[in-house]
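Enquirer: TrEMBL feature annotations, pasted as is:
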BINDING   25, 27, 67, 252, 254, 256, 294, 296  Ca(2+) 1 binding site
BINDING   297  Ca(2+) 2 binding site
């Protein structure tokens, strides 16, 4: 379930005019920007951008970038983009940050096949390269094989499961981990081609047959870059809500909040399943997520995140 609270009747022209007014004169009216954009879904935000462009012959995204700053600007900028365009930007930033692969894995493994295809199209349009081309240019060896395989996957989305495959592939994964052959071509093949339903059944079979989860067995091994990417992919494919809860927990518990991670999860999940992630967070930490966010952030950035979490200050 989403956390975003959206009004039923919206006038896109009125919203565009109110945003224009918020950006004019001495000082920006950040509260007005939050009250509008913090309560509009992706389809509505697109219409507001179009109305703004039509009325004022100006790009709303660029105007907001020039008016706002810091973590608040970054959060609003990411929120106001179309979801697929936002993910294309997140992917490009991650590619250019050498070794920052978890964002790529999230996009490749959490999104549906159609959503991932839309991100790849948006990436083409924005950067005049393919996502896989840029990813391949910035990676090598086994990590390149795994990541390019994940971002180019078009997984079957149905619930059908092949039990025979579940049993055999659980054994293949177990043997690879036992033999420390983490980069075995079958491991990469299974993770980059099977449907999520099939993979979840395989991971459950692995746990039932071998007494511990595949992620725990990987964690017990000495860490390296490839194993970290492998484990992130498995966690995102198996239970992305629990994965995101941990990202939020780590972002908030850090000495000095990890605003990038906090913004990314709230902005990308507010229209999808952030309510479920909030519930997991509360069960795990005994503190409501909005309270934890409010304690760890400040100013307009805090107000905007709380609006996306469905809580006003």
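Any Cβ shown, glycine's included, is placed from N, Cα and C.
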Enquirer: Using a 10 Å cut-off on Cβ-Cβ distances across all protein chains shown, tell me which of the binding-site residues (252, 294) has the largest neighbour count.
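Expert: Answer by Cβ density within 10 Å: 252.
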Enquirer: Out of 25, 27, 256, 297, which has the highest number of nearby Cβ atoms, where nearby means within 10 Å of its Cβ, if these are the binding-site residues?
Expert: 297
Enquirer: Among the binding-site residues 67, 252, 254, which ones place their C-alpha within 10 angstroms of the C-alpha of residue 297 (Ca(2+) 2 binding site)?
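Expert: Passing the 10 Å Cα cut: 252.
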Enquirer: Determine the Cβ neighbour count for residue 254 (Ca(2+) 1 binding site): the number of other Cβ atoms within 10 Å of its Cβ.
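Expert: Within a 10 Å radius of the Cβ of residue 254 (Ca(2+) 1 binding site) lie 13 other Cβ atoms.
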Enquirer: Do any residues at least six apart in sequence from residue 67 (Ca(2+) 1 binding site), in the same chain, have a Cβ closer than 8 Å to its Cβ, and if so which, in order?
Expert: 23, 28
